[in-house]
Amino acid sequence: MVLIRVLANLLVLQLSYAQKSSELVVGGDECDINEHPFLVALYTSSSSTVHCAGTLINQEWVLTAVHCDRKNIRIKLGMHSKNIRNEDEQIRVPRRKFFCLNTKFPNGKDKDIMLIRLRRPVKNSAHIAPISLPSSPSSPRSRCRIMGWGKISTTEETYPDVPHCAKIFIVKHAWCEALYPWVPADSRTLCAGILQGGKDTCEGDSGGPLICNGQIQGIVSGGSDPCGQRLKPAVYTKVFDYTDWIQSIIAGNTTATCP
């Protein structure tokens, strides 16, 4: 109890590092059409509803969260508006999916990562291009970018036609442990948000990227309900901890051990 109180006080002090905003992906603005060529939309053959997002990391591979997995999944690349089609949009289906078997944490939140090999490579275009894997881990207070077609309201089921983007900050992992009991100390996750609340990923943003310094550092995994609460940053899969596994799979070692 004392630890939680101390951490809560530290969180309040840390607010000085976060920019106050009245904005509610909850809390974002419409993304520029040219700023997310790596962002992909996931849906199924039986529904046109975007249930998750993902990230193109090369012409043949997409990174997302394992809890976004569905049967008959479809991957749309180059999309901005859900209703107005870009000329260079492409649709792909998985050739194979790779994920981490997790027996230690049955809820799956500790290893919420899935690597999808596309049946056919995509072609780079004005609105389709991969983003780099992290060359080093992110540090607390790093400024990052979130984006997705998820809910933009904490009180209503409001989903945008175009992806929304927002700037948030990495926070210390110890705070995640105190706030979320299901995040263990040895978890390969990170937390990020605006500690005053108001900016956050939300339902429908799962699997999407946390971009820091032009690299994907996180995958949207979980967080508070409702989204965007004060002192409750969201939880992201820490991509840096999986880079060796990702690169091994892509190189052809399909039996590579997940960390």
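Easy rule for this one: first residue shown is 1, then count along the chain.
For all residues, glycine too, the Cβ spot is worked out from N, Cα and C.
For His67 (among others), the entry in Swiss-Prot reads active site, charge relay system. The Cβ neighbour count for His67 (active site, charge relay system), using a 10 Å radius over every protein chain in view, is 18.
Secondary structure from DSSP puts Asp112 (active site, charge relay system) in coil. In this view, Asp112 (active site, charge relay system) is surrounded by 27 other Cβ atoms within 10 Å of its Cβ, with every protein chain counted. Annotation comment: Swiss-Prot describes Asp112 (among others) as active site, charge relay system.
Taken from Swiss-Prot, the feature active site, charge relay system covers Ser206 (among others), and the record attributes it to similarity to another entry. DSSP assigns Ser206 (active site, charge relay system) to coil in the three-state reduction, placing it in neither a helix nor a strand.
Under the heading domain 'Peptidase S1', Swiss-Prot lists 25-251.
When secondary structure is read from DSSP and collapsed to three states, Asn253 (N-linked glycosylation site) falls in the coil class. Look at Swiss-Prot and you will find Asn253 tagged as N-linked glycosylation site, backed by sequence analysis.
The signal peptide annotation in Swiss-Prot covers 1-18.
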- Task: Pop the mean pLDDT for the domain 'Peptidase S1' (25-251) in here, whole number is fine.
- Result: 91
- Message: If I take the alpha carbons of His67 (active site, charge relay system) and Asp112 (active site, charge relay system), what is the distance between them in whole Å?
- Response: 7
- Of Ser206, Asn253, the recorded positions given in the record, which has the fewest other CB atoms within 10 A of its CB? Asn253
- Hey, how far is Asn253 (N-linked glycosylation site) from Asp112 (active site, charge relay system), Cα to Cα, in Å? 20
